[in-house]
Amino acid sequence: MFAVPLCGGIVYAVVKGMLIGWTGPALFSGFLFGSVIAIVLGIPLLLLGDRRFDEFRARHVVSGLIQSLTACLLVGATSWHLWVMSVLGGLILGVLYGVVVRWVERLPKKMGTPLRTRWGAIIAVPLSGGLTLGAAATWYLASGRAFILFFLIGGLLGVLVGWPVLWGVERFLRTDLRYIIAGMLSGLLIWLVPAASSFLAYPAASPTGVPIWPVIVFVFIGLLSGSLCLLFNWLAERSGYTKGKD
C-alpha cells in the first residue's frame, strides 16, 4: 500500500519537472500533489481492484489513468499537451506500480517471513500522526483552525514515512514498544530531510551552531505518535477487531 503514494509522487514529480523545469520546488510540489492524489484516489482503487477485479491484469494501469486524468481536471488543464502528458503519466504510473507490486510480493520468499501487517497498524499509523501533529500545531499556534491542515499533513507523513519505518522495525523487533520506536525514528527522519539540505548547502558551516531543540521536538512528537498508535492497536485487540486478521 505504501507503493501507491510513492509511485504517484515520483511520476507526478517527473511530469511536472518535464513541464516547468527540474527545480527543487517543482519536484517537491509535484511529488506532494501526486502522493495526495494517490492516497485519496489510488488506495481506494487498489482495494476495489484487488477485491472485485483480481483477475484483471490491467487494473493498475486503469487506476493510474483515472488518477492522472483526475489530477488533470483538478488543475484545470485546457491544453491538449497537458492531457497527453496526463495519459502518458497515468500509463507509466500503472506500469511502475505493477512492477513494484511484483517485487514486493516476492519479498516474503526471500526473507522467509510474512510481509503483511495487521489492518489495525495500517490505519493507526496515519491516524496517530495526524492527531498528534494536529494537536501540537493547535497548541503551539493557539488556533483551532490549524488542526485540520496539520492533521492532513501528519496523516500524509504517517503514510510516506511511518509505514515504511514501521515495516522495517517489525522485521527485527516483536516487542509491543515497536510502535513507539518506529514513531521516534520517523520523527528523526522527518527532521533530517530539511536539516540534511542545510548541511549540504553549507558544508563548511560549523555544527556547533546547529540548535538541538528541533531534534528533540520532532523525536518527542514521534514518541507521542507512536504511543498513540500503540494505544489504538491495544484498543483494537481488546475489542477483538484485529483478532485473526492480517
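Glycine residues also receive a Cβ, built from the backbone N, Cα and C atoms like all the rest.
Annotation comment: TrEMBL describes 26-48 (among others) as transmembrane segment.
Same-chain residues lying 6+ beyond the ends of the transmembrane segment (60-77) with a Cβ under 8 Å from its Cβ atoms: 8, 11-12, 33-34, 37-38, 41-42, 45-46, 49, 83, 86-87, 89-95, 97-98, 101. Taken from TrEMBL, the feature transmembrane segment covers 60-77 (among others).
Listed as Cβ neighbours of the transmembrane segment (83-100) (distance under 8 Å, sequence separation of 6 or more from its ends, same chain) are residues 3-4, 6-8, 10-12, 14-15, 18-19, 58, 60-69, 71-72, 77. Residues or ranges marked as transmembrane segment by TrEMBL: 83-100 (among others).
Marked as transmembrane segment by TrEMBL: 121-141 (among others).
Same-chain neighbours of the transmembrane segment (147-167): 1-2, 5-6, 9, 32, 35-36, 39, 117, 121-122, 125-138, 178-179, 182-183, 185-186, 189-190, 225, counting only residues six or more beyond its ends whose CB sits under 8 Å from a CB of the stretch. TrEMBL lists 147-167 (among others) with the feature transmembrane segment.
What TrEMBL records for 179-200 (among others) is transmembrane segment.
TrEMBL lists 212-236 (among others) with the feature transmembrane segment. Within the same chain, residues 118, 120-121, 123-125, 127-129, 131-133, 136, 154, 158, 162, 176-177, 179-188, 190-191, 195, 242 sit at least 6 positions outside the transmembrane segment (212-236) and bring their C-beta atoms closer than 8 Å to a C-beta of that stretch.
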Who are the chain neighbours of the transmembrane segment (26-48) in space, where the CB to CB distance is under 8 Å and they lie at least 6 residues beyond its ends?
1, 4-17, 20, 60, 63, 66-67, 70-71, 74, 156, 159-160
